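**Student:** Feature list, courtesy of TrEMBL:
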ACT_SITE  Lys191  active site, proton acceptor
ACT_SITE  His318  active site, proton acceptor
BINDING   His27, Thr98, Tyr147, Lys189, Asp219, Pro220, Asn221, Asn267, His318, Ser319, Asn320, His347, Arg400  substrate binding site
DOMAIN    169-263  domain 'Mandelate racemase/muconate lactonizing enzyme C-terminal'
Amino acid sequence: MSLPIREVRVTPIAFPDPPLLNVAGVHQPWALRTVVEVDAGDGLVGLGETYGDAPHLDLVRRAATALTGLDVWDLNGLRARVAAALGVVDEPDRHGLTGPSSAEKTLARVVSPFESGCLDVAGQATGRPVSDLLGGRVRDRVPFSAYLFYKWAAHPGAEPDEWGEALDPDGVVAQARRMIDRYGFTSIKLKGGVFAPDAEVEAIKALRAAFPDHPLRLDPNCGWTPATAIRVAKATEGLLEYLEDPTPGIDGMAEVAAATGMPLATNMCVIGFADIAEAFTKRAVGVVLSDHHYWGGLRASAALAEICRTFGVGVSMHSNSHLGVSLAAMVQLAAATPNLGYALDTHTPWQSGVDVVAEPLRFHEGAVTVPDTPGLGVTLDPDALERMHRDYLDCGIRERDDTGYMRGFVPDFTRRTAAW
Ligand SMILES: O=C([O-])C(=O)C[C@H](O)[C@@H](O)C(=O)[O-]
Ligand SMILES: [Mg+2]
């Protein structure tokens with residue numbers, strides 16, 4: 001049964017984001033996303049969610065115009081059409097939190113939401129969840145981690161948000177407790193690279209004391225030199241299930257990996273298929289965080305997992321600020337990925353219940369139950385889409401810029417790559 005695309009709608013949206021701190025600066029008051037609707041007629045509308053930064057949005061819009069008439073089953077044709085529509089273009093993001101850019105990564109980022117939309121349509125048309133189209137469900141529940149951030153109590157000049165301040169070990173533990181009480185997460189990730197490494201290790205020790213059974217991770221987004229990373233990795237051996245991107249680059253990570261027993265994870269040095277051979281040959285990483293938004297979609301992420309399995313490398317999953325379409329896609333992918341060995345990252349708790357889908361998937365005891373409904377398992381809330389599009393138009397932000405926003409309050413702030 002061929003299912004030609006009649007129209008693709010591309011809508012940029014914005015939603016409130018708390019002042020979360022990271023190596024690049026601080027999250028702006030609004031996070032941007034783009035919703036893609038792949039309309040195949042007869043009520044079959046498939047969804048994709050991707051970044052909302054203006055340069056990326058331009059590329060997504062350009063690609064969308066090239067897809068009319070494409071059969072949603074023809075995912076190789078999808079990639080070819082998007083590649084032809086874009087030409088060779090390398091469009092970096094400004095925060096750099098998912099590593100350096102490349103033309104391959106740019107193409108992968110643009111293909112991804114359309115692939116999600118096509119798979120959603122195909123699933124709806126055949127009455128099967130997307131996980132079945134990816135090879136079949138191997139788990140019914142997908143566990144997520146409590147993703148903790150150092151944060152300010154409020155955006156400067158605004159009212160405090162519901163999470164409050166977290167700038168020391170007590171604040172971090174209180175944040176963890178609130179998030180775990182609310183969602184039941186059974187593992188914990190702390191975003192680091194904000195304070196000196198020893199202060200962040202103190203926070204990890206406080207989390208260990210407060211949550212003796214929760215696996216812990218620390219992610220300073222390349223904030224440390226290899227020498228510091230080695231010291232910290234040795235100090236936290238046995239305390240962390242993995243240390244994520246302690247230092248920049250494949251060679252730096254390989255140096256740390258060779259000197260310690262700590263499993264190293266990455267979403268900053270293995271970020272495209274071109275990185276795999278060198279990183280795996282040099283044994284730079286023990287765990288790769290997949291992310292369908294920049295690996296080129298759900299099928300590409302499944303292929304990444306297979307390659308990791310072949311080389312004995314673990315697989316976890318990365319998250320940026322996102323909404324319910326992305327969450328559903330992550331859940332479908334995770335459900336169909338046998339060797340996904342870790343709880344997934346998600347920013348969902350930071351979105352305070354705001355969503356663009358009508359009935360977002362929910363966490364119960366730290367996990368999302370994989371939906372049985374056809375397709376991704378979520379539908380758009382048209383009123384929310386319109387409202388969030390208006391917020392996008394009004395918010396004045398067109399590109400995520402954690403560093404620029406931070407400089408508004410700390411003028412000499414510089415990104416802290418290998419700063420400690
Ligand atoms: O390395 C990571 O896990 C991330 O980059 C995740 C998020 O982007 C996070 O760091 C953020 O949004 O500040
Ligand atoms: Mg990371």
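Backbone N, Cα and C define each Cβ position, glycine as well.
Nobody curates TrEMBL annotations by hand; they come from automatic prediction.
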**Student:** Whole-number Å only: compute the distance from the Cα of His27 (substrate binding site) to the Cα of Lys191 (active site, proton acceptor).
**Tutor:** 13
**Student:** Tell me the Cα distance separating Lys191 (active site, proton acceptor) from Asn221 (substrate binding site), rounded to the nearest angstrom.
**Tutor:** 8
**Student:** Sequence gap of 6 or more, Cβ distance under 8 Å: name the residues on the same chain that satisfy this around Tyr147 (substrate binding site), in order along the sequence.
**Tutor:** Lys189, Lys191, Ser319, Asp345, Thr346, His347, Pro349, Trp350
**Student:** Counting other CB atoms within 10 A of each CB, which of the binding-site residues Asn221, Asn320 comes out lowest?
**Tutor:** Asn320
**Student:** Kindly point out which of the recorded positions His27, Tyr147, Lys191, Asn320, Arg400 have a C-beta less than 6 Å from some atom of ligand 2.
**Tutor:** none
**Student:** When a 10 Å sphere is centred on the Cβ of Asp219 (substrate binding site), how many other Cβ atoms does it contain?
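**Tutor:** Here the count is 28.
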**Student:** Count the Cβ atoms, other than its own, that fall within 10 Å of the Cβ of Lys191 (active site, proton acceptor), considering every protein chain shown.
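**Tutor:** A count of 23.
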**Student:** Give the subset of the recorded positions Tyr147, His318, Arg400 lying near ligand 1, defined as CB under 6 A from any of its atoms.
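**Tutor:** Only His318 meet the Cβ criterion.
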